[in-house]
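Colleague: Take this structure first; my questions come after.
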Amino acid sequence: MPELGSLLLSTQAVAAPGELLNLALHAGTVGPEAAVLVAMIATLLVDLAGEKVSVRWVPPICYAGLGSALVLLALQWNAPLEPSFLGAFLSDHLAIAFRAVVALSTLLSLLISWRYAEQSGTPVGEYAAILLAATLGGMLLCGATDLVSVFVSLETLSVASYLLSGYMKRDARSSEAALKYLLVGSAAAAVFLYGASLLYGLSGSTSLEVIGNALVTSPTPLAALALVFVLATVAFKIAAVPFHQWTPDVYEGSPTPVVAFLSVGSKAAGFALALRLLVGCFGSFDTQWKLLFTVLAILSMTLGNVVALAQTSMKRMLAYSSIGQAGFVMIGLVCGTEDGFAAMVLYMATYLFMNLGAFACIILFSIRTGSDRISDYAGLYQKDPLITLGLSLCLLSLGGIPPMLGFFGKIYLFFAGWADHQYVLVVVGLVTSVISIYYYIGVIKMMVVKEPQEASEVVKAYPPINWSTMGLPPLRVALVLCVLVTAVGGILSNPLFEWASSTVAGTPLLQQAIATSSGASLG
């Protein structure tokens, strides 16, 4: 992307001195993040007025902030590409798409959070403010193009995630989850800093573009060591095997709405980071990191889906499922082709709705029964057809059953992998998809097939449904929206893939990598 740096310099050369700072910053680029920041500050101020005021005003403030962020992101889609903050942030199409996924995942997570927070006695204002802080870090991470901005945004996301994981202070499992997450996350941050220091020493710059150019001209063993450290950090963030050990315990112990955000928003930011660092910095080590990611993808798909078979907790099952889903997304990353990158973007967008829809059903069941055990879902169809239908459709979509949206997301990934001769990845993906269908359908069978007399004791004591209870209408909106998109979105798979392809086309970083890869293949 040499044209980006020259764009900034040439623009500055013709500007008046008083305008140089504004031209160098291009602060309007981070307008969506500013909207989230204003909403976060407003929730903290409202929280000072007491819990009653918070319960009334915090939700609309969050909706306004996140809604404004999504609108501003849409307006940026066809805007001229300008590096901002002295080249530390770039709002290309890749950044816009992944920032939208992060913001939308937060919005849906908040919709399914209010009733859960009220029932558990969680202060609404503090919870929303910390979740918005995590969102801010995730969105900035998606567009960060400098080691300093990468680290600051990564730690903003991470520290807020630690706080969210341990937010249920009276729950020993939540505290344990937060401690494990903190220890492993701190180690990952230290590893990243060491890798970043090596990159700075090799290039004399913190700019990812400059670092990438320096590594092309003089690849060294130290650069390979830096690649290992950076790859370990990325693998931790996306919960890829063998850096996944924290995931099941954190998912099981954390508040369920927090898990919903971590499974989508945090993972999306992690994949955006992977693209920025691996494709942007380590183009000269393309063969090496793709080989490593091939191994990680195979391990993640295999272990995630096989271990999920033995789980008795719904959240632990979805934790291992998310590890397997990360393996599927890595197929697109390893391909490095236009179709591969587009399929990767598309699958993250589809994963947003089908996974959050599943978590909305789990939260609703937990609110009414206090249970997370899979066996307690037996016979649920007799008592709550809405949860049964919603959870069934979302699980079928996660398994890749046609005509659900998840089927088209996976099929595009497999097509891209096959076209790029990644036959082993595609075969492993197909086999592990079949395995995942087995445990997803096992849950559906338990809910639907069981006779009334075979229903679990929890379902037999299922309370009457009252949707007018405070906090339940937003949850119902999120549930219905996710289920509808998951079930009907398959009809729109071609327009969605065209949108994902335009995301790749509007990202100079990916276009340069595709051109380089094509040139090497022809050579």
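Keep in mind that glycine also has a Cβ here, set from the backbone N, Cα and C atoms.
In case it helps, Swiss-Prot gives these features for our protein:
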| type | residues | note |
| --- | --- | --- |
| TRANSMEM | 30-50 | transmembrane segment |
| TRANSMEM | 57-77 | transmembrane segment |
| TRANSMEM | 94-114 | transmembrane segment |
| TRANSMEM | 128-148 | transmembrane segment |
| TRANSMEM | 182-202 | transmembrane segment |
| TRANSMEM | 223-243 | transmembrane segment |
| TRANSMEM | 255-275 | transmembrane segment |
| TRANSMEM | 291-311 | transmembrane segment |
| TRANSMEM | 317-337 | transmembrane segment |
| TRANSMEM | 345-365 | transmembrane segment |
| TRANSMEM | 389-409 | transmembrane segment |
| TRANSMEM | 477-497 | transmembrane segment |
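Set these features in their place in the structure for me.
Modeller: Note on the transmembrane segment (30-50): residues 57-58, 61-62, 64-66, 68-70, 72-73, 76, 84-85, 89, 91, 99, 103, 123-126, 128-129, 132-133, 135-136, 139-140 of its chain, located 6 or more positions outside it, place their CB under 8 angstroms from a CB of the stretch.
Long-range contacts of the transmembrane segment (57-77) within its own chain (CB-CB distance under 8 A, at least 6 residues past either end) are made by residues 29, 31-33, 35-36, 38-40, 42-43, 46-47, 91, 93, 96, 99-100, 103-104, 106-107, 110, 114, 124-125, 128, 132, 135, 139, 474, 506.
Same-chain neighbours of the transmembrane segment (94-114): 32, 36, 59, 62-63, 66-67, 69-70, 73-74, 76-77, 124, 127-128, 131-132, 134-135, 138-139, 142-143, 257-258, 260-261, 264-265, 268-269, 271-272, 275, 345, 348-349, 352, 356, 359-360, 363, 470-471, 474-475, 477-479, 481-482, 500, 503-504, 506-507, 509-510, counting only residues six or more beyond its ends whose CB sits under 8 Å from a CB of the stretch.
Listed by sequence, the residues of this chain that lie at least six past the ends of the transmembrane segment (128-148) yet keep a Cβ under 8 A from its Cβ atoms are 29-30, 32-33, 36-37, 39-40, 43-44, 47, 58-59, 62, 65-66, 69, 83, 87-92, 94-95, 98-99, 102-103, 106, 109-110, 113, 154-158, 160-161, 163-164, 167, 196, 199-200, 206-209, 211, 258, 261, 265-266, 268-269, 272-273, 276, 280.
Residues 147, 150-151, 154-155, 158, 161-162, 211, 214-215, 218, 220, 222-223, 225-230, 232-233, 236-237, 243, 245-246, 281 of the same chain, all 6+ positions outside the transmembrane segment (182-202), place their C-beta atoms under 8 angstroms from a C-beta of that stretch.
Sequence-distant neighbours of the transmembrane segment (223-243) (same chain, 6+ residues past either end, Cβ-Cβ under 8 Å): 154, 184-185, 188-189, 191-192, 194-196, 198-199, 202, 215, 266-267, 269-271, 273-274, 277-278, 281-282, 284-285, 288-289, 292-293, 296-297, 299-300, 303-304, 322-323, 326-327, 329-330.
Same-chain residues lying 6 or more positions outside the transmembrane segment (255-275) and placing a CB less than 8 Å from one of its CB atoms are 94-95, 98, 101-102, 105-106, 108-110, 112-113, 116-117, 120, 122, 131, 134-135, 137-139, 141-144, 150, 154, 157, 161, 164-165, 167-168, 174, 234, 237-239, 315, 318-319, 322, 326, 329, 333, 341, 344, 348, 351-352, 355-356, 359-360, 362-363, 366, 509-510.
Packing against the transmembrane segment (291-311) from elsewhere in the chain are residues 231, 235, 240-242, 244, 278, 317, 320-328, 330-331, 333-334, 374, 422, 424-425, 428-429, 432-433, 435-436, 438-439: each is 6 or more residues past its ends and has a CB under 8 Å from a CB in it.
Listed as Cβ neighbours of the transmembrane segment (317-337) (distance under 8 Å, sequence separation of 6 or more from its ends, same chain) are residues 238-241, 244, 247-248, 250-252, 259, 263, 267, 271, 274-275, 278-279, 286, 290, 293-294, 296-305, 307-308, 311, 343-344, 347-348, 351, 355, 358-359, 362, 374, 398, 410, 413-414, 416-417, 419-420, 422, 425-426, 429, 432-433, 436, 439, 443, 513-514, 517.
Among residues of the same chain six or more beyond the transmembrane segment (477-497), those with a C-beta under 8 A of the stretch's C-beta atoms are 108, 111-112, 342-343, 346, 349-350, 353-354, 356-357, 360-361, 364, 386, 389-390, 393-394, 397, 402-408, 412.
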